[in-house]
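S.K.: Below is a structure I'd like to ask you about.
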């Protein structure tokens with residue numbers, strides 16, 4: 001039966017069911033465009049297909065980061081996106097109040113770890129585990145995170161500390177180019193593949209400022225120096241030397257243009273990592289000076305020439321193998337660059353030494369294969385020690401004093417999961433490390449979370465997830481595992497057979513579900529089913545690589561070098577000579593590569609377990625490294641391998657944040673102030689003022705009311721943080737109170753932290769207001785006291801000044817009165833003749849009884865006014881004619897009569913002042929004792945235009961006219 005729907009017909013029931021599922025999928029996913037979903041937990045429903053479609057839509061929109069619960073998914077764009085990692089964007093994420101509300105980014109993870117360190121939430125130390133396949137972008141992610149911490153974790157106050165912080169940050173950032181040049185190489189899957197694992201520990205002081213860093217490395221693939229797979233390259237540093245060396249350096253290192261080296265495949269391929277100047281500048285910043293750099297590059301050039309040494313098969317086993325072609329020139333050049341004696345170098349490569357007991361030493365010529373192995377061993381030994389020396393130099397340059405840092409943030413960048421056509425011991429160790437890290441994620445997040453939910457009494461439906469414990473039991477289990485069998489083959493004193501090792505592994509571990517066998521393979525091998533997929537490992541050469549034998553004569557040869565760097569790398573230690581000849585009974589067990597790698601991996605996991613882990617899953621959209629290409633099959637296999645879908649399921653329904661009750665109350669008890677202010681209803685009383693800490697022994701009955709009061713503030717916090725017109729955000733914050741812990745999501749934790757910050761801000765404002773009020777009041781009291789003190793001092797100073805003025809006035813008045821009396825006496829004495837004549841010639845008036853009193857007043861007037869009269873009489877300008885005579889006559893109190901009867905002659909053209917005394921007997925002078933005028937006792941010379949003082953009067957005979 002056919003149904004016509006909108007002009008289209010639908011046929012069978014299967015087609016109808018498929019159409020119904022498509023409509024349902026469109027309905028469920030039609031809530032929002034897929035590229036706008038920044039968290040995969042919001043995908044509805046959560047299936048591998050919907051997660052894949054969401055990632056593909058975001059990748060097409062150039063959005064390369066997506067949250068997946070507790071994990072950040074990072075898609076490799078395979079193109080430069082500079083604006084995505086700019087310092088301005090770093091500061092934006094650092095300054096954001098809630099970084100998780102911004103777009104997903106690796107800076108969100110970096111800022112979250114930094115804020116966790118600042119909040120001192122246990123465990124304080126943080127770690128970021130960057131995982132993914134080779135070429136997924138792990139190295140770039142680690143590099144950007146280091147730049148982020150260098151920007152946000154440096155806020156010094158003084159200029160000196162600013163310079164120190166800048167130098168430390170520059171050295172930490174410069175360690176990346178050096179480590180990548182000497183430890184990364186171009187592989188089939190990645191142009192900049194890390195051929196070693198590293199754990200970078202960024203050290204912070206109490207002020208959360210970066211004070212230093214430390215680098216720990218794991219399992220350098222040193223076999224790459226002498227053996228490279230097809231279409232792959234050696235380490236970057238060799239190509240940088242050959243392409244970036246100058247003319248003089250080429251002559252010094254014997255690297256002519258176009259020279260061919262067997263250990264330098266694909267030299268014509270140019271990568272952006274082949275930048276020699278960047279490496280040299282970074283080494284210079286790390287404290288490696290130019291002569292030491294030249295010494296390093298000279299040793300590396302010597303290793304390249306060492307690889308050109310070729311041996312021919314010897315016809316006689318008793319004779320050593322001879323050199324082929326121009327190999328003699330290569331060994332001469334190599335010996336010159338390594339500063340080794342040429343003949344001992346060739347002899348050590350051709351002949352091995354066998355010791356029987358302590359005295360007997362046998363010399364046996366090596367076969368051609370053994371000569372090649374010994375040559376490769378020299379190169380691997382020198383390069384491995386050089387790499388370790390570089391790591392130690394970097395650590396000594398960037399590592400801080402143990403007393404100067406308290407916390408750290410760890411960045412783990414290890415090699416991704418690898419599967420090549422020919423996989424050996426290196427790939428086995430790399431995939432073993434990835435299995436351990438996957439197990440750490442499963443144990444920490446998936447399994448531990450669900451088990452803890454059950455213990456704490458949360459209503460939880462368990463989610464099935466892929467557990468890789470069976471694979472780990474196959475690799476490292478006890479008593480028998482692949483690693484133990486390989487180590488046992490190394491301890492047996494017998495030649496190892498690849499087929500025999502394969503048989504032992506298959507027979508001893510036949511019951512493991514993760515062990516397989518490829519019946520079509522012609523070479524001995526076994527298959528391990530890893531969490532990321534099955535990998536076939538070839539057993540040929542597996543035991544020899546695990547032994548990693550270094551003949552003692554090779555070490556002794558390198559100790560004879562005159563090169564300064566090789567002397568440091570291979571010191572002549574007398575203790576080594578004593579250990580070279582152990583007896584057969586006391587021979588120590590062989591420390592294999594697998595054993596050392598396993599021990600270092602266990603140490604790393606102990607560090608990770610003591611920190612708060614954060615996960616970044618790097619996904620490679622395609623194997624070709626092409627931009628704008630998203631291959632669904634490859635991405636889906638990576639999603640399934642890392643268990644990302646199960647992680648999304650658990651994250652969507654779970655609570656990633658878990659805080660013990662007592663710790664929760666200790667930190668968020670301040671929020672009860674909000675409850676006391678917003679809801680005046682009944683609530684538990686506030687704790688005592690003096691109690692500032694809660695112990696884990698606090699009874700649950702005491703903590704439960706406090707917990708409820710704190711949790712009741714969440715609706716108010718949610719409403720305050722919700723933007724107007726956004727009902728989606730106004731839902732209740734998910735939180736659950738278990739038996740011993742409080743479970744919540746990251747959004748709830750951000751709400752609590754935001755509310756706590758508000759309360760602390762309010763308290764700070766109150767404290768500041770109270771302090772300012774107290775300060776202003778204190779300042780007012782001080783001001784008023786200062787005013788009173790100043791007024792009293794000014795009053796005292798004024799009174800003192802007035803008293804001094806009164807005393808001075810008294811002294812001056814006394815002196816003036818004494819001087820006036822003296823002057824009056826002198827004037828009276830001088831004018832006594834005139835007055836006597838005047839009185840004798842003028843008849844007395846009727847009131848003669850009043851004459852003495854009148855005479856006294858006239859005398860006082862004369863005493864006061866006679867100097868003024870003299871001045872006016874002798875003035876060159878001023879009063880003229882009759883008025884002048886009147887003034888003189890009135891001033892001198894001459895007898896009454898006509899003023900014209902007297903003739904007053906001024907001394908206009910003469911020096912001095914004319915006296916009024918009649919009939920003087922020559923020139924005389926007088927002086928007033930204690931006169932205030934200077935030079936009162938000096939008679940001036942009659943100079944022209946001179947002015948005569950009042951106390952110096954010259955009397956001349958004919959000056960006064962009379963009658």
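Heads up, the Cβ atoms here are built off N, Cα and C, so glycines get one too.
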S.K.: State the residue range annotated as region 'Actin-binding' by TrEMBL; the candidates are 601-623, 624-646, 647-669.
M.R.: 601-623
S.K.: Over all shown protein chains, what is the count of other CB atoms within 10 A of the CB belonging to residue 139 (ATP binding site)?
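M.R.: Result for residue 139 (ATP binding site): 24 neighbouring Cβ atoms inside 10 Å.
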S.K.: Return the average pLDDT for the region 'Actin-binding' (601-623) as a whole number.
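M.R.: Reported value for the region 'Actin-binding' (601-623) is a mean pLDDT of 90.
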S.K.: What are the helix, strand and coil residue counts for the region 'Actin-binding' (601-623) according to DSSP?
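M.R.: Residue counts for the region 'Actin-binding' (601-623) by secondary structure: 9 helix, 8 strand, 6 coil.
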S.K.: Check each residue in the chain of residue 138 (ATP binding site) that is at least six apart in sequence and keep those whose C-beta is under 8 Å from its C-beta; list them in sequence order.
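M.R.: The answer is 130, 131, 132, 194, 413, 414, 416, 618.
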